[in-house]
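Quick notes on the structure that follows.
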Amino acid sequence: MGFSGSRAWSKWLTICLAITHPFSVTAKSAADYYVHSLPGQPEGPLLKMHAGHIEISPETSGNLFFWHFENRHIADKPRTVVWLNGGPGCSSEDGALMEIGPYRLIDKETLNYTEGSWDEFANLLFVDQPVGTGFSYGSTEHYVHELDEMASQFVTFLEKWFEIFPHYEPDDLYFAGESYAGQYIPYIARAVLDRNKKQDVQANNRIWNLKGLLIGNGWISPQHQYPAYLPYVYQEGVVQAGTQEANLIEAKAAKCMKELNVEDTTGTVHIPDCEDILQAILDYTHKGKRCINMYDIRLTDDYSACGMNWPPDLRDIQPYLRRKDVVKALHINEEKQTGWTECAGAVGSSLKARNSKPAVELLPGLLEEGLPILLFSGQKDLICNHVGTEDMIKNMKWSGGTGFELSPGVWAPRQDWTFEGEPAGIYQQARNLTYVLFYNASHMVPFDYPRRSRDMLDKFLGVDITHIGGDPADSRIDGEKGPTTSVGAHPNSTAAAEREKEKLNTAAWKAYYKSGEVALVIVAIAAFAWGIFIWRSRRKHQSSGYRSIYPMLGLNSTGSLGQISHKHSRRNGDIEAADFDETELDDQPSQAFLSRSSRDGDAYAVGEESSDEEDGASDGQQPMFDQSRGEEGRS
């Protein structure tokens, strides 16, 4: 080979190495995502977590952020619940740190365990999506505009996620979320079912076991939910009918209805004229500098936030997720140059879904394919209120019936639900669809009632703890118990561990107290006997002259008291130890459950923990940025 040929070969080899080098460097394994420590974590073993970015579109630098929590126990089979918040453009870290996740913030620095978190019997996967939401990032020019784009993007994410974490792919899979996720979830479910039908997926045995959907206070059917604003506020007494202000709201509602009756808009997700109804209601409630909270009508907020500052945990979440040590712990890419915000206005502005049909049109097909769906509503939410959801269900047709018809003209009953003796809500179900109304709950039901929402989840997933033990929750539908569920009272749950630890400490103190009482009695008896002995010795001394006061021991007085005192002390120690009944402690459960590795055991293991370790993260915060909740604000 001549010089020119050699140079060409060298150049070709250099190009090949340049092309292949990035792939060899950037390919990641599960160990790269392992969360070794979490700043502010509560005492006790760290829950098994993975977090970080997965690139879904190299050409647009599109990266989605995820935070995964492994289940604490497996009741009968492994399950994974994927949680999505709405907006559009609102981060699912809302769900992780304020709703269904295992931790909640006490302040900007400190996390605490949540009793009733959804990770007890299911793996939880929180995803900031679409691109641009929360910790996710990418080219702003390529933010998604339609719901089918969003679903395609999410399926790509799942494909890549399961390649890194293949041991979770066979799990029963559920999608859950709230608010605008009522649009996301049906579209994603449809995309997953269509994917499962592909020949290459079936040939490679990579079918995803989609088992159900859960949507809370979902924005699903604009055609039914926009008109529900007015009857809801009348029903709840927020607006007084017949007033001048009420007439103004009714005029806005009439204009919306006119738009909804136009054929071109019946299949539209976002209708600006209809958005004016909610704004008119908020203006009506404007008193001084306050207005009603659109997410919980029992509360007020600064005007014109009207709920954007709620829940109160928000003031701590943004500073916490912008701390440098937290950013490092969660493996946030350096390419993510802006700090975390709850809702990205640019994402919401882009995703208007002008050519997307509302998700309500997908629900009948999903139900008819045998996919169970649960819709739940908080009674005190205005923005995605239960009146609109119930009207949507009432008019929806699937599987040969309308709404909750069991047969023509016969409707499934609304069943009373009680939880631990208190009225909790209503259940209604037919033909794969379940509806749950939570009494006295807001837009974010798990924020208000984590234990009740977990009970609902366990019922829907079919979790039954009968064969693994635990204190069952007293949850009844029309007075009857269903499968035995445990909400924070499982013997290996974090909350139960704290209770058992307290029991153990109490038992120990009782045992010590009891042994102390016995020792006191022994000392009193010994003192009395000593007094009698001295008295008798002195009487002898008075009758026969001075002798040692320890005549029977054959000891002189020098140093003898110390020796007898020593013997008495040892004897007392033996009696005290003998009187300490160790069975009182043996009756209490072992502290072994306080260690995650020992409490889970092989029976509950899903995958293996990474052995990699990292140095502790450094403290500090990133600069603060403005926060928006998106235009719709349906987070």
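In case you wondered, yes, glycine gets a Cβ from its N, Cα and C as well.
Since we're looking at a predicted model, the values are computed, not measured.
Pulled from Swiss-Prot:
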SIGNAL    1-27  signal peptide
TOPO_DOM  28-514  topological domain 'Lumenal'
ACT_SITE  S179  active site
ACT_SITE  D381  active site
ACT_SITE  H443  active site
COMPBIAS  483-495  compositional bias 'Polar residues'
Sparsest Cβ surroundings (other CB atoms within 10 Å) among the active-site residues S179, D381, H443: D381
Cα distance (Å, whole number) from D381 (active site) to H443 (active site): 5
Mean predicted confidence [pLDDT] for the topological domain 'Lumenal' (28-514): 92
Alpha-carbon distance [D381 (active site); S179 (active site)] in Å: 11
